[in-house]
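A.B. asks: Got these off Swiss-Prot a minute ago, pasting:
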- Thr175, Lys201, Thr212, Glu301, Asn434, Ser439: substrate binding site (BINDING)
- Thr212: active site, nucleophile (ACT_SITE)
Amino acid sequence: MHKVTKFAIRHLSDKASRFVPKAGVYPKGYAVGGIHCGVKKDGKSLDLAILQNTFGKNASAAGVFTVNKFKAAPVQVSKKILKEKSGSGINSFVINSGNANAVTGTQGMKDAEDMVLVTDSVLENPTNSSLVMSTGVIGNNLPIDKILGGIPKLASQHLGNTHQHWIDCATAICTTDTFPKLVTKRFSIGDDTYTLAGLCKGAGMICPNMATLLGFFVTDAPVTPSALQQILKYAVDRSFNSITVDGDMSTNDTIVAMANGAAGGEVIDNTSSCAERYSRLQAEIVDFAQQLAQLVVRDGEGATKFITIRVKDALSYKDAKSIASSIANSSLFKTAMYGKDANWGRILCAIGYADVTSANSVIPEKTSVKFVPVDGSEHLNLLVNGEPEQVDEERASEILQNEDLIVEINLGTNGGQSADFWTCDLSHEYVTINGDYRS
């Protein structure tokens with residue numbers, strides 16, 4: 001049994017510890033782990049992680065990356081490898097935290113390539129079989145010697161498939177996170193049983209548009225690269241591309257997936273003959289990705305609330321998502337939520353300037369807004385068919401005392417399309433954390 005390093009990111013608060021699993025179910029044919037190699041300055045925080053496929057050397061992989069024009073070196077290198085290999089034969093991920101290796105010029109590209117080279121060598125992979133990710137401070141070169149020295153140590157002594165190995169891996173990719181984000185799930189397709197495991201990091205600089213958030217999930221289901229890429233893109237659009245903490249899109253946003261087929265069964269592809277199995281897997285991965293993405297919002301820097309923006313009866317999914325995003329990214333709305341202020345005018349303002357597809361996408365006279373408590377108690381109407389309600393401020397205050405809240409907007413267009421978006425409030429603590437980030 002390889003060694004594991006028990007380490008908590010910080011002293012976990014009662015709130016944070018609720019979201020860290022005490023056990024999990026893990027897919028066959030993988031080994032993971034994390035160690036401290038010296039990127040982080042405190043001398044102990046885990047900052048290097050590896051995930052390895054141990055079932056043959058021909059796993060399928062897929063990736064969705066940031067559209068920020070200042071793409072970090074590891075993003076560029078991983079995209080290139082995925083494209084060159086058409087998603088086939090990717091067998092490991094290597095990740096460092098504490099330094100983003102972004103806007104680091106030619107040296108940054110060489111460092112990312114060297115991380116791939118050394119990882120492939122120590123894991124006895126074919127050339128360019130690893131994807132590389134980095135997260136942390138932008139604009140500084142990696143302490144590459146420490147990372148390249150840590151990779152062999154991690155690979156030879158600290159990889160395994162126990163729950164603690166997965167917790168170490170999840171911890172090692174964190175920066176300002178207050179808890180490691182890990183989700184596992186077992187599901188069936190027909191007579192075959194498969195497992196998903198996923199982890200991600202993120203608490204600030206979160207407003208992804210992957211057409212300093214990292215995530216990866218793996219399964220032992222047999223899936224072709226093209227099917228996995230399509231499913232991942234669909235799932236990310238409805239999960240990681242539907243969250244926001246602060247409206248800032250990172251240079252390093254990356255979500256990758258791997259499927260090694262270790263659990264056997266019929267290969268899942270995107271042909272019509274496999275439509276039922278494909279659809280079932282897609283539904284499982286969408287639900288799984290949403291669970292992971294919501295953990296990022298729950299760990300939003302300084303956040304005290306987890307808010308679901310639910311837009312219903314839109315003309316199109318695009319309209320519904322755009323309106324939900326507009327509200328979720330509104331600093332005025334988010335600060336009102338922190339202040340427990342039922343200022344629904346800020347919600348209407350954000351609806352009104354959302355980027356929608358037609359003049360009929362939003363009709364004020366048909367628009368309704370309400371607060372929906374998650375405890376099943378009575379909702380609170382704020383606006384009904386464009387007419388303001390006499391708001392019970394005491395009831396509003398009661399609802400806003402809760403950590404979780406649903407803000408539901410019904411556009412009344414008879415289009416029948418809906419979208420959810422997840423956000424948090426914006427607090428004084430967010431400013432403190434980010435003002436002190438590099439100190």
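Just so you know, glycine gets a Cβ as well, placed from its N, Cα and C.
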A.B. asks: For Thr175 (substrate binding site), what is the tally of other C-beta atoms lying within 10 angstroms of its C-beta?
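C.D. replies: Around the Cβ of Thr175 (substrate binding site), 23 other Cβ atoms lie within 10 Å.
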A.B. asks: What kind of secondary structure is Lys201 (substrate binding site) part of, going by DSSP in three states?
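C.D. replies: Assignment for Lys201 (substrate binding site) reads strand.
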A.B. asks: By a simple count, how many Cβ atoms lie within 10 Å of the Cβ of Lys201 (substrate binding site), its own Cβ left out?
C.D. replies: 26
A.B. asks: How many neighbouring Cβ atoms, not counting its own, are there within 10 Å of the Cβ of Glu301 (substrate binding site)?
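C.D. replies: Here the count is 24.
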